[in-house]
């Protein structure tokens, strides 16, 4: 079960944070919510559709941090929760990855950029 202020989907719980933070601070705030919580990771197009429905009505056309970065391994990207990248929607490449609320295209930015973010944990 998800806490009342989190949204359930596919055995996971999601929460949109309508405050802008850099990637590391956003990931830390996710972990402060629950120790198993991380910035969101995507593993199917259905999950992506759910995230568009969660984020777009609140943020409008904007971007939010995902857990995808190359901070831990400069050569390849991985989700902050340690899961493998088995679904992707690249628009470009860099260090930390934000997702677009309108079509879920991925955009890479310096990790210091301030963005909204979504946290996720397994229910």
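Using the three backbone atoms N, Cα and C, a Cβ is placed for every residue, glycine included.
The DSSP secondary structure for residue 2 (disulfide bond) is coil. Under the heading disulfide bond, Swiss-Prot lists 2-13 (among others).
Annotated disulfide bond per Swiss-Prot: 30-119 (among others), in sequence order, evidence recorded as sequence analysis. Counted within 10 Å of its Cβ, the other Cβ atoms near residue 30 (disulfide bond) come to 26, all protein chains included.
In the three-state DSSP scheme, residue 96 (disulfide bond) is classed as strand. Residues or ranges marked as disulfide bond by Swiss-Prot on the basis of sequence analysis: 96-111 (among others).
Per Swiss-Prot, the feature domain 'C-type lectin' maps to 9-120; the stated evidence is sequence analysis.
Nearest by CA distance to residue 2 (disulfide bond), out of the disulfide-bonded residues 30, 96, 111, 119, is 119. In this structure, 2 is the one among the disulfide-bonded residues 2, 13, 96, 111, 119 with the smallest number of other Cβ atoms inside 10 Å of its Cβ.
The separation of residue 13 (disulfide bond) from residue 96 (disulfide bond), Cα to Cα, is 22 Å.
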